[in-house]
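Q: Please read through the structure below; I'll follow up with questions.
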Amino acid sequence: MTRMPLVAGNWKMNFDHLEATYFVQKLAWLLRDAKFDYSRCELALMPTFTSLRSIQVLVEADNLKIRYGAQTVSVTSQGAFTGDVSADMLAQLGCTYVIVGHSERRKYHPEDDANIVDQVRAVLAAGMQPILCVGESYEERRQGIELEFAVGQVKDVTRDLSEEEAAKLIVAYEPVWAVGTGMVATPDVAQDAASAIRAHIRSAFSDRTAEDLRILYGGSVSSKNAQELIGQPDVDGFLIGGAALDVEELARIARLTLKATTRG
Ligand code: PGA
């Protein structure tokens with residue numbers, strides 16, 4: 001595989017800045033002891049806004065290779081938007097990635113496709129990479145329209161992007177029924193969705209952009225299922241919720257991903 005695998009931890013609303021700092025230190029120690037090769041597998045953490053500055057200070061002081069980012073972003077750049085955080089503010093904190101359109105944001109906040117397109121644009125304009133979350137609920141799967149649905153979400157968001165913008169996108173296929181439920185998608189289900197998403201990017205943009213696009217799987221990933229999932233040709237890494245709150249488990253998943261993707 002030529003695409004660099006990415007293991008990203010989505011902490012959601014967990015850990016204050018002290019807990020976050022301790023976690024990052026411990027993760028760095030565990031992976032140093034395991035001689036983890038960050039040049040062959042990227043590792044990123046998405047804490048709450050309140051932990052970003054502490055993580056930035058630690059990463060810079062200790063010259064850590066761990067990347068980090070945010071879980072959402074404002075679509076505006078500044079002004080009277082109480083509670084919002086702009087993309088430029090995140091870029092100033094050294095964020096590499098921003099999760100956009102996570103199913104929990106779509107559910108609990110008024111984030112529709114138009115808002116998600118604007119978030120993607122804001123993230124790109126600030127020089128970061130959006131991790132766009134898509135995926136069907138149980139109902140769409142029951143109706144057998146899961147692939148149309150997930151690909152449709154990608155289509156809606158990428159429709160007006162230039163090829164250059166699309167090339168910076170990362171897509172996370174996260175079936176809603178698998179998020180936080182312990183019901184992980186089978187490797188075939190993850191592969192079918194990832195392959196359908198890649199095929200859409202190929203037809204909408206180019207072979208090159210499709211081949212370079214990183215597609216993550218998310219939804220109840222753990223060290224028990226990571227190896228099989230990453231073995232799929234179109235799955236390039238993970239977006240991990242619950243298992244990313246356990247530092248040893250996250251380090252295990254990162255090592256399994258690295259091992260599986262550098263074999264041979
Ligand atoms: P989970 O969450 O790993 O706890 O299922 C994944 C996510 O929400 O990104």
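Yeah, the Cβs are placed from backbone N, Cα and C, and that goes for glycine too.
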Q: Name the residue, out of Ser162, Ser220, Ser223, that TrEMBL lists for the same substrate site as Asn10, Trp11, Lys12, Gly180, Gly241, Gly242, please.
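A: Record check against TrEMBL: substrate site with Asn10, Trp11, Lys12, Gly180, Gly241, Gly242, extra candidate from Ser162, Ser220, Ser223 is Ser220.
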Q: Around the substrate site recorded as Asn10, Trp11, Lys12, Gly180, Ser220, Gly241, Gly242, what other same-chain residues have a C-beta within 8 angstroms of the site's C-beta center?
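A: Other same-chain residues near the substrate site: Val179, Ile240, Ala243, Ala244, Leu245.
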Q: How many Å separate the two farthest-apart Cα atoms among the substrate-binding residues Asn10, Trp11, Lys12, Gly180, Ser220, Gly241, Gly242?
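A: Taking every pair of listed residues, the largest Cα separation comes to 14 Å.
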Q: Would you mind checking how many other C-beta atoms are within 10 angstroms of the C-beta on Ser220 (substrate binding site)?
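A: Ser220 (substrate binding site) is surrounded by 22 other Cβ atoms within 10 Å.
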